[in-house]
Amino acid sequence: KYHKSNLMHTVLHHLQQYCIDIRSQNVFKFKKISGLSGTYVIDKSKGLWNTNLYGELERFHVLYLPYTVLPLKVKTYRSQYDKMTKLMELLIKNDIHIVIGPFDDSIAVVTEKLEIPYLALTSNQHGRRLRSTFQLLPTLSDFSSAMLDLISYYKWDKVSLFYDDDRGVDMLEKLLSNHDLMVKSWRVDSVGTDEQIRDHLVHMRIAFVQTSIIFCNRNNTYQILEQARSLAMMSIPYEWFFYDPGDQLVHIFKGFEDITFNYTVFSLMEFNSHVYGVKHPEEKLNVALTTDALYIINQTVPRLDNNTVQGIRKDMINILKQSLFGDNEEVNVYTTEDTTMPEYRKKDLMFETLKIGRWVSYQDGMFIPRLQMTENIERGNKTTQFPLRGRKARIVMIEEKPFTMHKKDHEKYSGNERFEGYSVDLITEIANMLHFEFEIYLVHDGKFGTKEKNGEWNGMLGELLKGNATMSVAPLSINSLREEAVDFTKPFMTRYISVLMKVPMSERSYFEFLNPLHPLVWFCTFGAFVVVSLVLYMFEKVGASHSKDLPGISFKESFWFVFGSLLQGSTEASPSTLPGRILTSAWWFFALILISSYTANLAAFLTVKKINTPIKSVTDLASQTTIRYGTVVDSGIMQFFKNTDIEHFAKMWAQMSEIDPQESMVANTSVGFNKVKKGNYAFFWDTAVNKYMTIKDCEFMEIGPHFDPKGFGIGVPPGATYREELSMAILKLGDASILHQLENKWWPRRTCPDVTKPSAEETSELQIENVAGVFFILSGGIVCAAIACVFEYFSKRCKNREREVQKRKENNSTPNHVNHKERESFL
């Protein structure tokens, strides 16, 4: 039984990179000798039969071959013609029956001409079909076929190909034969640079391609994997495929055991296999294929019946053709020491392989590539560790209060210690929870991120897409345009848009002391003063006319007394009559209430100044042209105004972008805040930042209502495998009230007077309705005093009449005596 070709093994495993060149110049020729007995093998590069090959041949019982093995030395000639002529002479002269060695065009042509079997240990780069050449190494076409079958099975619609030589072009052509498959190809220099490879990976991620085929030399493969690890593109959902026929990448894969990686290796040998006596991985495939070739010959020789050299050659070609490849002339199967059917395996974690199926090239006597998947396979634990665990992530931030700020004495510190803020505390909590380290740096252009005319993204989003940052932790709002470029975690904060303006200065006036009372109150107070003064004079005048003992108050003294009582001063004159005193009591009560109210309201006016601004809402701002307004260029808020269909917002965007863009739009928030402080400018920005500015600076005020609610999320590169872990960490922080604690820490209670409260809570001047009661009391006092005055008047008049009657009686006794003075006094 002859050993058919082993298909390539597929291994999903930790990445590393080996790319070896197995094209040694060792070509063996086989010479028939008498009795076909005895053998020796000479290695061109090492002289006699090397130890590695000896050990393998001994293991497979082919150490003693019934023929002679001689070296065929291929020298350098002036022309290809001279080379083939010399080779033909050597093969004819030594009666060579079969040739083993790496594929060479000249040897292939000569052996085809002489009908000598040629067992090629390396692939035929030109794809030329020759009857006498048997290729033991799988062709690139076979690898491509197996790859396409696997792609079709999983129904992938996009793959990327990394290559660094012309073989990659052939591979690309084969992949493009599947018209349902979109292929992104990336050509790497023979000595690729980190910058070039990183750029390719970033563009691959932007194109949302998650399945990649690596067809590069060992150094380039290693660089690709290193850059992929730095971009966190090594685990699910990313899938990586490698062509490693000689199992030479296993040592590189072992260097990535610290993380989980999702990759597949197509190999001619068992994964992590060992060849007796082989110390260097690049020798394994060469020794294994040479051993297989000698073993095949050893099994073929006993079947030879022809004794002529030419007859033996033809018989060997026919036997090899029928035994190894059936009736098809195209060499599409490969020889290996393994007697099992070709298979491939997947690596899930820590080098534990899982057989998921096999691909066979020879089926039912025909060369029909076919993929056979294992049914009802039991997969191991699918849990994968967090890709950033134990590693250092690069965090891009933007200087924005209070999210990220330089400490006052940041010159004394280095690294992350230079910064403070909500974002710094947030990523610190997440890093502690997920066990990774981080390095903070500020975005170089000071922008959040927007798409430019050339299709590139600037700001923090550009840093993510270029692969410079692992994530962005900043007040970066989530919108549809940004979601097309990068991925976001669950929101850690909800934000709105509000307007930040400068608190207007209250109007200065020399008569500001009049503000506590309404002008009507002042007018009524003055009227009350005049009325009370006149009435008091009248009451005192009437009362004094009926009594000799009452001194009375003059007209001037009456006004002075009432005025002095109002201002809580003292006067020499005072009412002496009952009506005057009743009226004075009412006036004193009136003055007490009025002066107390005035004093209290004046104190309130001096401490809480009522603003007088025409801008009380966003709608008011849109309907005027005196105050300029704007936002930050290339910000999410700018995109809102640019894309909105709401009428007054669209009108405002026209004002900002077309009429006066230089005065409206600013480069960053610091410029915007400075413009607000200068006055006559309103700044649209996130409520979180505006609220912080009003807390820290009493010159700012926030105008509502708030609009356009959106979430702040952590931005990650598209397809980043650690997004879900970050989202889960944010949810856990929210459940533990840590997010709320951070908000209270960086947004404390505002100590400045809130000048934007509704008018019901503002200090206003006293209206007539507020003090009408004291006027009613004063009027009541006047009425009571008037009643008392009338009562006193008639009472004294009656007493005077009685006194007059009494006097008349006395006068009757003395009729000639008339008191003219009393009569005059009575009149």
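Glycine is no exception: its Cβ is also placed from the backbone N, Cα and C atoms.
Here the structure is a predicted model, which means the values were calculated and not measured.
Features of the protein shown, as given by TrEMBL:
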- 392-749: domain 'Ionotropic glutamate receptor C-terminal' (DOMAIN)
- 402-466: domain 'Ionotropic glutamate receptor L-glutamate and glycine-binding' (DOMAIN)
- 520-539: transmembrane segment (TRANSMEM)
- 586-608: transmembrane segment (TRANSMEM)
- I615: site 'Crucial to convey clamshell closure to channel opening' (SITE)
- C698-C752: disulfide bond (DISULFID)
- 771-794: transmembrane segment (TRANSMEM)
Other same-chain positions with a Cβ less than 8 Å from the transmembrane segment (520-539) and lying at least 6 residues past its termini are 514, 553-555, 558-559, 561-563, 566, 575, 577, 579-580, 583-584, 587, 590, 594, 766-768, 770-771, 775, 778, 782, 785-786, 789
Counting Cβ atoms within 10 Å of each Cβ, the densest environment among the recorded positions I615, C698, C752 belongs to I615
As a whole number of Å, the Cα atom of I615 (site 'Crucial to convey clamshell closure to channel opening') is distant from the Cα atom of C698 (disulfide bond) by 18
Its residues classified by DSSP, the domain 'Ionotropic glutamate receptor L-glutamate and glycine-binding' (402-466) shows 27 helix, 13 strand, 25 coil
Per DSSP (helix/strand/coil reduction), I615 (site 'Crucial to convey clamshell closure to channel opening') sits in coil
Looking only at the domain 'Ionotropic glutamate receptor C-terminal' (392-749), mean pLDDT returns 85
